[in-house]
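Written below as structure tokens is the structure these notes are about.
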Ligand SMILES: NC(=O)C1=CN([C@@H]2O[C@H](COP(=O)(O)OP(=O)(O)OC[C@H]3O[C@@H](n4cnc5c(N)ncnc54)[C@H](O)[C@@H]3O)[C@@H](O)[C@H]2O)[C@@H](O)CC1
Ligand SMILES: Nc1ncnc2c1ncn2[C@@H]1O[C@H](COP(=O)(O)OP(=O)(O)O)[C@@H](O)[C@H]1O
Ligand SMILES: [K+]
């Protein structure tokens, strides 16, 4: 799956039109026809009976798609109302041609600030089509806050698809967005605000997009606003434009074919103190499950007994202080390090972190290790290019406050700034690989390589939002680093394996389940 920017989509369209293989009007017709097919596939019951649609059209080509949808639904004997935002005279090009075709069927109604949107109740629409803005949305919305609020209400408050009005319960109109819901920035997954500051957003039950997903469908609040997504083939050539989402690791990267345990590396995971070892134990187990030949957990002497009671295949090593840790790491057969989960935030842990960074070995920095680095410039300066940092958004904000502020800003005029830009800038700033966690997890290197694992829509894994899931991810990366994968490859493969394991388990998942799901995932890769 490849994610396009709006500019890449336009380039592909332009190339098709300039080559003469496809005209703009043909593309628009295919887009509209694909939307009608998608609606009827999504809700087959709408094939029967006399149905009603309200089509909300904007001033550009997104509105043009809307006029096509209106005409085609009308051809299916639907009762269709078209509302146009702005002056009909300002509609040009292919959209104009399709507006004129619609006007030969029926009139249009204005869509101005006084229009609240379709109602729910007697005579209500079955479908509301949001064809206001697509990839051309470029500035805050004006005069649309009540309409957006009312449509969002349809999407938000309809667990059973019905709403009581008077003495009856009426079906709630289904909202279908063309290309993107009209608040969504197609490049960043951020929301374009209303000029008034109102908080309503255009959302949809179903978003029908064209040719390929856009970045905004998977980043930020994209999945939340889009509902379900269908992609319509409008006959554009398949190119290698766009950012590919991660797929399964190659068998060669994860298979264990031959060799001694030391040929598969030795991972060392540093644990927190007494009563704080669970997170590091889960990380260590994940490192072992993903194939590190040996895994050792380091802990303070007082925590040895409790760790020993919980661990078998994972070795234990008491670590008294920084000097002792230096001695542990003098063993060059230790090929990767991990620390942070449950570690602690005192000077003692800061000293241990300093030694781990000094070792110059491939190292995963997670959780408390990230917080220690965020508040100590000397430690931060020791982060090196063999490190992988795995922040969630809170940790990211502490580590990279300026980048985080840009990421949190709403979509605005000009270029928009997404998790992809943020991870790339953060990696360049700190000089190490950064994995920014979320449903869409972005991995970036200091040299500008970037990848995205999109656990959204059919691959959504909301059950990963559980305490300790991130600790397991860090362990998977440590294990793959120990096996000599590069920081980028280890982070990418671990992110995919992690989400895939969660996807297979589904509801009820807790972090402790995750390491033991890895063998099944590896087996399916033929590893
Ligand atoms: N170009 C093509 O051949 C195709 C385009 N397609 C459709 O065309 C869309 C892109 O069309 P456009 O480039 O015309 O862009 P849009 O229709 O998304 O929006 C651009 C229009 O909205 C105005 N606008 C932007 N932000 C606004 C705001 N906040 N308030 C008021 N007006 C605002 C712009 O001035 C411009 O008139 C796609 O999303 C897709 O739906 C599809 O039909 C596939 C083929
Ligand atoms: N809704 C979600 N969809 C997909 N992945 C999620 C979701 N919520 C959390 N995750 C993943 O779960 C992990 C949580 O990590 P983190 O926030 O560090 O939690 P913890 O510190 O409890 O381990 C990350 O890998 C993140 O990408
Ligand atoms: K739209």
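Glycine too: its Cβ is placed from the backbone N, Cα and C atoms.
Among the candidates 61, 62, 98, 307, the residue that TrEMBL names alongside 130, 182 for the K(+) site is 62.
Among 468, 470, 475, 479, the residue that TrEMBL places alongside 437, 438, 439, 440, 441 at the AMP binding site is 470. Sparsest Cβ environment among the binding-site residues 62, 182 (other Cβ atoms counted within 10 Å): 62. The DSSP secondary structure for residue 441 (AMP binding site) is strand.
Taking each Cβ in turn and tallying the other Cβ atoms within 10 Å, the top scorer among the binding-site residues 439, 470 is 470. Ranking the binding-site residues 64, 438 by how many other Cβ atoms lie within 10 angstroms of each Cβ puts 438 at the bottom.
Here residue 130 (K(+) binding site) comes close to 56, 151, 175, 176, 177, 178, 181, 182, 202, 204: these same-chain residues lie at least six apart in sequence, with C-beta atoms under 8 angstroms from its C-beta. Fewest other C-beta atoms within 10 Å: among the binding-site residues 392, 437, that description fits 392. Classification of residue 130 (K(+) binding site) by DSSP places it within a strand.
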